[in-house]
Amino acid sequence: MAEGDSTPQPAKEAQAGDDPPKGDFPLQKKSPKLCGSNYPLSIAFIVVNEFCERFSYYGMRAVLTLYFLSFFHWDENLSTAVYHAFSALCYFTPVIGAIMADSWLGKYKTIIYLSIVYVVGHLIKSVGAIPSLGNQAVHVVLSMVGLFLIALGTGGIKPCVSAFGGDQFEEEHTSERSKFFSIFYLSINAGSLISTFVTPVLRGDVKCFGEDCYALAFGVPAALMVLALVVFIAGSGLYRKTPPQGNVLLEVCKCIAFAIKNRLKNRSREIPKRDHWLDWASEKYSKQLIGEVKMVTRVLFLFIPLPMFWALFDQQGSRWTLQATKMNADFGIYVLQPDQMQFLNPLLILVFIPIFDLGLYPLINMCKLNFTPIRKMATGMILAGLAFGLAAVIEVKINETDMPRLVPKESLIRVLNLAKNPVQVTIQDKDLFQQPVESFQNPAEYSKLILNGEQQSLHFALQHQGLTLAFNYTVKEKSVYSLIVFEAEGSLSSHLITDLEAKPENGLAAVRFINGLSQDVNLTINSKKFIAVQKNYSASEYSLLERDIYNNGKCITDTGEFPLELGLLDFGASYTIVITNISGGAVETWKSEDIKANNVHMAWQLPQYLLISAGEVMFSITGLAFSYSQSPASMKSVLQAGWLLTVAVGNTFVLIVAEAAPMAQWAEFVLFTVLLFAVCIIFSIMGYFYVSVDPEDLEEKEEKRETSSRGNMIGLVTQKTKL
């Protein structure tokens, strides 16, 4: 579910005394009804528009991290940082959209214009994902421009669409309006659920330009956004379009700024103190506005710790997706793409909301437990922290199959004995390989070589059937090697070849071939992969393949064409396959697993998704409902802006950690867990001292207090402000 998308709100109604609307706005009219009900026909266009737009946004964002990692070949930290920079921008721009709609264009025109910007951004992003179009610099520029326009479009229309839907209802149809927001919310989650499952399939299961089809994965969301715009325009003649009525957020900001400025100007001891620092705005702004701003600032103060929750929550699309690429995704009947796991969140949200509202919360009330909104939000934080604790544990288990991290003056080496008899390998001044290596023995773990510099020439001695042969090879630091020992023309020989230093990315399998035949071979792995390997134990380069069973290959030699069976090439594994002989019309091979396959199943991510989704229900929905209950109706848009900004700040914090303080991934998960628990304690303390109020009662008290204190003000000239 979208952060900040959970509780759409109707627009502010025009108040008596408002300035006359500017521009040419049609008179309000009654829209045709749906099937004789009180639901305007126009809301059908708005709901379909929202479904398509949310499909467009979440579908594009689902594959974004892997796009940076695989298409641009950025490292994980940079990919994460740019992903969260984009997410943060998407939640800063709603402020721009709200100001445009309320102060200038009105909601309808704002949605139209920014949707066009949105579509252009999608199209540029899709074109930038075509590999044959220019070099990487061109791809990066097009993608970044596209993402900026998408962020401006999706953020700009976010505060307008739900409010515009609320505008379609007449004042007496409040129950229908409330049900509309439930349908609107359902369309958001339906779009998110379907798109986060479908677009990873378009990326991974469809191939174009010889690789993952990111152009299609971005192109389909672009088409959905075009459809969203067309549907919205199609309903133009049915909409009730309200004129701009002034932006409350701007008024609040001006009021706060004036209060601070006025207080700094009047620091003289001769001027009596005022009960509240916002009272210093009374020379310019009305008592009503000042009183409402006081109520809002009390709630906004509680928002200060909230960004840390979103810092963890939004890593589902970055760090958790990257974690899934290092896991086993085979569920038997279906192989999930790593970025498909994100669909669990909207699915679980739709399941959890009725369970919590109809089951858990009533049960807690029956037990006479005072489960206040503040406590619900704190519990949501704890659940999110526990989710990241589980992610840290899983990351530690995943790292058990990783290659060791090498430091300067270190290398790794192993021996592959392809000779017919055991071989004793000795490296000068190195205490390695104490036992002879048997013929075609599955290699043990890599052994660590300590060098005396960035590179070193090492003397290798091979003892075989009473003979000793010597070879010299230069070994570089932070590299991984295999010493291939073989028999050629009746004598023992060797090659030192370079191995992979890390697991293949994105769950791919890496495979290379050593040709033990006396003739060159051409290998066909599948219909698209062809490899040529020279004779006499020459080694090919590594090829990256999707995880699959490869038993339909071909080996073509001077003497004919023979079937080639490789078996299963598993997630994240690296293989060396030696062609040893051709016998009985078939190729005989020996397969060695250089790097172990991913052995932690992706299903182990399910508990962390369960926890963070349950945490979102308790935190996000409860938080918005609570904050709205603590503020006057005219200030709900200000709280919506404040809530969205907490999401933006949380994403900003993640990109700072990813770039400024890179660390082992499990340690980063632990860091976020500890930080959220600490913030939860602070938030709980703040909530303990917070006194819930009824905004209407507070307004009455504020008016009485203003009346009693009016005589204490010197030189006070009030000016009623039109809201």
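Cβ coordinates come from backbone N, Cα and C, glycine included.
TrEMBL labels come from automatic prediction, so no person has curated them.
Under the heading region 'Disordered', TrEMBL lists 1-24.
If you look up TrEMBL, you'll see 55-74 (among others) marked as transmembrane segment.
Here TrEMBL flags 80-99 (among others) as transmembrane segment.
The annotation transmembrane segment is assigned in TrEMBL to 111-131 (among others). Below 8 angstroms of C-beta separation, residues 53, 56, 60, 67, 71, 97, 100, 105, 138-143, 145-154, 156-157, 160-161, 164, 209-211, 214-215, 217-219, 221-222, 225-226, 228-229, 232-233 of the same chain, each at least six residues beyond the ends of the transmembrane segment (111-131), sit close to that stretch.
According to TrEMBL, the feature transmembrane segment maps to 137-161 (among others). Listed by sequence, the residues of this chain that lie at least six past the ends of the transmembrane segment (137-161) yet keep a Cβ under 8 A from its Cβ atoms are 4-5, 8, 46, 49-50, 53, 57, 60, 67, 71-72, 86, 89-94, 96-98, 100-101, 107, 110-111, 114-115, 117-129, 131, 637, 640-641, 644.
Residues or ranges marked as transmembrane segment by TrEMBL: 182-202 (among others).
Residues of the same chain lying 6 or more positions beyond the ends of the transmembrane segment (214-239) and with a Cβ under 8 Å from any Cβ of it are 31-32, 40-42, 44-46, 48-53, 55-57, 59-60, 63, 67, 71, 108, 111-112, 115-116, 118-119, 122-123, 125-127, 129-130, 164, 168, 195, 198-200, 202-203, 206, 208. Among the features that TrEMBL reports, transmembrane segment is placed at 214-239 (among others).
The transmembrane segment annotation in TrEMBL covers 295-313 (among others).
If you look at the transmembrane segment (343-364), the same-chain residues 6 or more away from its ends with a CB under 8 A from one of its CBs are 1, 186, 189, 192-193, 196-197, 316, 371, 606, 609-610, 612-614, 616-618, 621. Look at TrEMBL and you will find 343-364 (among others) tagged as transmembrane segment.
Summarising the annotation, TrEMBL assigns transmembrane segment to 606-626 (among others). Counting same-chain residues at least six beyond the ends of the transmembrane segment (606-626), those with a Cβ under 8 angstroms from any Cβ of the stretch are 1, 3-4, 6-7, 306, 309, 312-313, 316, 320, 341, 344-345, 348-349, 352-353, 356, 373-374, 376-377, 379-384, 386-388, 390-391, 394, 639, 643.
Sequence annotations record features per position, and here TrEMBL assigns transmembrane segment to 638-657 (among others).
For the transmembrane segment (669-691), the residues of the chain that approach it from at least six positions outside its boundaries are 298, 301-302, 304-306, 308-309, 311-312, 315, 319, 372, 374-375, 377-378, 381-382, 384-386, 388-389, 391-392, 395, 657, 663, judged by C-beta separation under 8 angstroms. Here TrEMBL flags 669-691 (among others) as transmembrane segment.
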Within-chain partners of the transmembrane segment (182-202) [C-beta distance under 8 Å, separation at least 6 from its ends]: 1-2, 5-8, 43, 46-48, 50-56, 58-60, 62-63, 162, 165, 213, 216-217, 220-221, 224, 337-340, 342-343, 345-347, 349-350
Stretch-level contact, the transmembrane segment (638-657) and the transmembrane segment (55-74), CB cutoff 8 A, at least 3 pairs: no
Same-chain residues near the transmembrane segment (55-74), Cβ under 8 Å, at least 6 residues beyond its ends: 2, 80, 82-83, 86-87, 90, 118, 122, 125, 129, 131, 136, 139-140, 143, 150, 154, 191-192, 194-196, 198-200, 203, 212, 214, 217-218, 220-222, 224-225, 228, 317-318, 321-322, 325, 338-340, 342, 505-506
